[in-house]
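To start, the structure under review is shown below, and the notes come after it.
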Amino acid sequence: MPIIKLPYEYLETLTGTDRETIIDRVPMIGADIERIEEDHIDVEFFPDRPDLFSTEGVARAMQGFLGLKSGINEYPITPSGISFRVDPGLAEIRPFLGSAVIRNVSLNEEAIESLMGLQEALHWAVGRGRGKVAIGVHDLDTVTPPFYYQAAPRDRAFVPLDFAEEMTMEEILEHHPKGVNFAHLVRDYERFPLITDAEDNVLSFPPIINGERTKVTTETKNILLDCTGTDMKAVMTAVNNICTALADAGATIESVEVDGTPMPSLSPSIRMVSVDECRRLLGIPLTAEEMVAHLRTMRFGAVADGEEKVRVTVPCYRSDIMHDWDIFEDVAISYGFENFDAALPESFTTGKPHPVMVMMDGVREILAGLGFLEMMPFTLTNVRVLYTAMQREINPGLLRLQRPISEEQTVMRTDILPMLVETLQINHHRELPQRLFAIGDCVEGEDTFQKVATVSIHTEADFSEIYACADALMREMHIAYEIEESADPAFIPGRRADIIVDGKKTGVFGELNPDVIRAFELDAPVCAMEIDLRCVQGRPCL
Amino acid sequence: MAELTYNEKRLMVVLNTIKEATPDIIAGELNTTAAAVVQFAHLCADKGIATLDRTVTVSYSLSTEGEQYATLGLPERQVYASFQNEISMKDMQAHPLARIAIGWMKKKGWVIIEKGLVKKTGDAPEGADEVALRDPDANREGVLELVKRGLAEEAETTTYLIAITETGKALVKAGLDLREEVGTLTREQILSGDWKDLNLRRYSVDKLPKRIIPGKIHPYQRLINEMRNVLLEMGFIEMYGDVVQSSFWNFDALFQPQDHPAREMQDTFYLDSTTPLPENWEAVRDIHEHGGTTSSVGWGGIWDPAKAKTNVLRTHTTGLSIQYLKDHPYEPVKAFCIGRVYRREAIDPTHTPEFEQLEGIVMDKDVSFRHLMGFLKEFYGRMGFENVRFRPAYFPYTEPSVEPEVFVDGLGWVELGGAGIFREEVTDPWGVKYPVLAWGLGVSRVAMLKMGLRDLRQLYRSDVDWIRDTPMMQGGKD
């Protein structure tokens with residue numbers, strides 16, 4: 001989640017209150033304080049609230065929350081007369097462009113840092129790592145309109161930001177740190193996106209890097225904003241958030257004509273919401289007027305329309321407001337979570353455990369009664385443990401992960417016994433005897449089912465011991481079974497048996513093959529069993 | 001004085017007659033082994049009624065190699081005898097023992113070597129080692145030399161002498177009950193009442209026998225069962241479901257946009273297989289694209305059915321909740337599950353790629369956000385967290401959302417799980433008419449708080465001793 005740096009002085013100037021009040025209250029608008037430093041705090045906001053990714057945006061929200069200012073801010077727009085043309089050749093590459101002119105900015109170091117922080121957070125949360133949206137801000141007075149967003153040849157050269165020499169766009173992808181980081185976004189296209197001015201000066205190579213020429217400094221008075229991307233809605237979310245943040249810091253916004261369409265509009269949207277629906281969702285008493293007051297606190301525009309409706313004006317930067325309930329949540333936050341009268345509903349219901357869990361609890365009780373300790377090994381494992389070390393064939397239903405995180409965990413278990421023997425290996429330095437069991441989910445193909453396995457390691461562990469345990473378990477589960485000589489290579493020939501239920505092999509037990517014992521670096525006899533619990537009658541389908 | 005055992009008494013009676021003797025002799029009298037007699041004597045000595053003197057004697061014998069030289073002489077003596085006054089080095093090396101002998105002859109001053117010639121000094125007396133070679137016990141200095149050369153071996157013999165003390169004599173004189181001791185009562189002895197006249201062996205009651213470890217359910221499973229019981233008591237029905245889920249149920253049905261970061265390959269375990277979309281999948285597509293029949297605007301863009309068919313290892317159990325609601329769309333619904341979920345995270349003390357998640361849902365006429373808070377307070381209270389507070393939160397599939405925090409001594413307020421009301425975009429496609437309260441929490445986090453664990457791996461790769469030593473109950477005082 002984005003972590004936003006909020007410098008106290010700038011925040012105090014914008015908000016009009018002291019830092020202690022802000023630190024105290026900011027968590028209640030939905031934020032986690034990460035660090036409190038000498039001159040700033042680092043705060044983590046939720047990814048659905050890009051309007052809180054700047055000091056200006058946080059100040060705007062805090063003013064409402066602290067009762068210093070309420071209702072919606074107006075963002076008047078005048079035409080700049082500046083135009084932008086978009087090359088149709090970008091349609092398959094990066095088709096969408098949003099733009100605006102931001103005049104009369106007064107940028108000190110903190111304001112520039114806030115602007116850069118906002119860009120980075122937007123790149124992450126809205127731009128999905130610059131793929132969906134990438135943002136460029138430029139010193140407007142260094143270039144000449146109109147501007148052209150084009151698909152340019154890859155060998156077009158310009159001086160990239162923070163460099164002194166010209167580089168071609170291809171060279172930038174290879175050598176410039178930003179080029180290396182984001183090359184994957186454009187590498188496969190024949191031509192690259194490029195923004196130029198009337199005199200063919202380069203402003204930007206979206207989504208990679210701006211030109212050095214238009215770098216924004218504390219001297220900058222007027223800004224040209226470009227947001228390019230693959231999703232128009234996300235592009236405009238970025239434009240709206242940057243424009244409103246700078247407007248709240250005192251700048252004026254002018255529109256740019258992109259292929260004849262003026263943008264941005266920064267105009268709010270209107271939602272007519274039901275007071276009763278809000279009341280019922282939140283479970284609090286609420287009049288239309290109270291709801292209006294709460295919404296104005298949260299910096300919406302709101303007026304009551306009769307007693308049961310409220311006309312809400314949603315600021316353009318609130319891209320998270322998708323549904324009426326999103327507005328009701330803000331009412332709840334303004335109402336204060338601590339002021340809710342928490343209560344249980346009166347409906348009568350009866351609880352019921354799931355039959356699979358009941359079955360597993362039963363098996364646990366039996367095996368604990370037989371003196372086994374339960375283990376809960378991972379369900380993710382690898383072919384070596386599951387099959388190779390057990391000298392078994394790979395189960396054709398084995399489920400493999402597409403992109404495992406480590407060599408140890410590449411497949412989903414089809415059996416539990418190998419994990420249990422591995423647990424013995426982990427505990428090889430602990431006192432013997434060790435008698436362990438594990439029960440839980442296994443997967444074959446796409447089907448989840450349950451198995452149970454036990455192991456017993458000590459100098460006298462033998463076939464008779466485990467046979468007696470298997471018999472006790474089957475008797476206590478009340479399942480009739482037969483025994484046949486087994487061919488399972490994990491066990492010693494002549495000391496291994498299959499458990500047959502209704503003519504079908506459903507389990508195996510015996511003395512582990514010493515080669516298996518050695519494969520797990522153990523050195524004492526081990527007797528073991530494993531039973532597929534699909535044999536349990538009445539086991540429901542999942 | 002502590003009671004004497006039957007065997008100690010028998011020893012004392014013998015000692016009283018013979019006063020002092022070796023264990024062998026006494027063993028013959030008592031019809032037992034010498035080792036057992038030493039053990040009895042130790043116990044009697046501890047009580048001051050006998051003494052046990054231990055003497056260690058060292059004796060020497062020749063090794064196999066030493067035995068050979070005993071008849072033929074040491075290698076240096078054999079070689080010395082094999083030539084006259086002098087011999088060239090080369091000729092001498094023809095002797096099979098030359099290599100061993102040359103050094104010793106020089107060291108003992110029998111020869112000097114000049115210009116490749118070995119010359120006798122004329123002085124080669126019999127050494128202490130040669131005396132010892134004839135009789136290892138005859139010369140201590142010599143035999144130690146032989147031990148060093150591996151020609152003789154040292155052996156320790158321990159002998160004991162047991163004697164009765166004055167106290168012991170007085171004790172025997174006072175009379176001893178010499179009836180045989182009985183360890184285990186027989187059926188006959190119990191029925192007949194004879195047991196009253198038996199000399200029952202007495203135990204040292206403070207001596208703990210070998211520890212027994214009972215069979216046990218895993219401490220973490222016991223915690224999971226405790227949580228299950230709390231929810232069952234609160235009237236919830238338990239859900240259970242497949243580990244393999246389609247992206248449709250794991251993500252799309254929960255209104256997670258198809259380009260959401262949580263869906264990316266680095267966070268989710270994707271599988272090669274697919275699952276066909278369920279009936280009514282179009283409603284979910286519509287919700288994503290434009291909000292369907294709700295007041296939502298949706299995410300916009302084009303929703304791709306192929307992405308939704310891709311199977312994953314479930315990243316949460318919320319996908320089970322929405323499927324449960326699809327199958328039970330009428331109120332009231334109260335359901336929960338605790339199941340293992342999978343995230344593509346490397347293993348470290350606080351992260352594991354699989355862990356248990358608890359999930360609860362309540363759907364009913366007239367349930368609201370305040371009831372969600374009520375359920376959270378009740379649940380956490382029953383889990384032993386009396387102080388609960390709420391903070392705004394964000395989760396993609398709930399609105400409003402809330403993050404409960406519980407107060408833990410020594411840690412302060414600790415974030416524990418997340419909750420909210422399912423977005424209408426989540427419930428509307430399945431005909432659910434009323435709000436669905438939902439909450440989830442990482443069970444392993446509760447385990448860390450309640451069991452004081454520092455490393456999550458302990459839950460899944462458990463140390464047997466940890467389970468042996470973790471009591472099943474909290475019976476004592478805190």
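Just so it is clear, glycine is given a Cβ too, placed from its N, Cα and C backbone atoms.
In this structure, A:Glu329 (Mg(2+) binding site) is part of a helix by DSSP. A:Glu329 (Mg(2+) binding site) counts 28 other C-beta atoms within 10 Å of its own C-beta, drawing on all protein chains shown. The Mg(2+) binding site feature in TrEMBL is assigned to A:Asp320, A:Asp326, A:Glu329, A:Asp330.
Helix, strand and coil residue tallies for the domain 'B5' (A:266-342), in that order: 33 helix, 17 strand, 27 coil [DSSP]. Per TrEMBL, the feature domain 'B5' maps to A:266-342.
Sequence-distant contacts (6 or more apart, same chain, Cβ under 8 Å) of A:Asp330 (Mg(2+) binding site) comprise A:His294, A:Leu295, A:Met298, A:Phe300. Less than 8 angstroms from the CB of A:Asp320 (Mg(2+) binding site) sit A:Asp48, A:Arg49, A:Asp326, each of them six or more residues away in the same chain. If you draw a 10 Å sphere around the CB of A:Asp326 (Mg(2+) binding site), it holds 19 other CB atoms from the protein chains shown.
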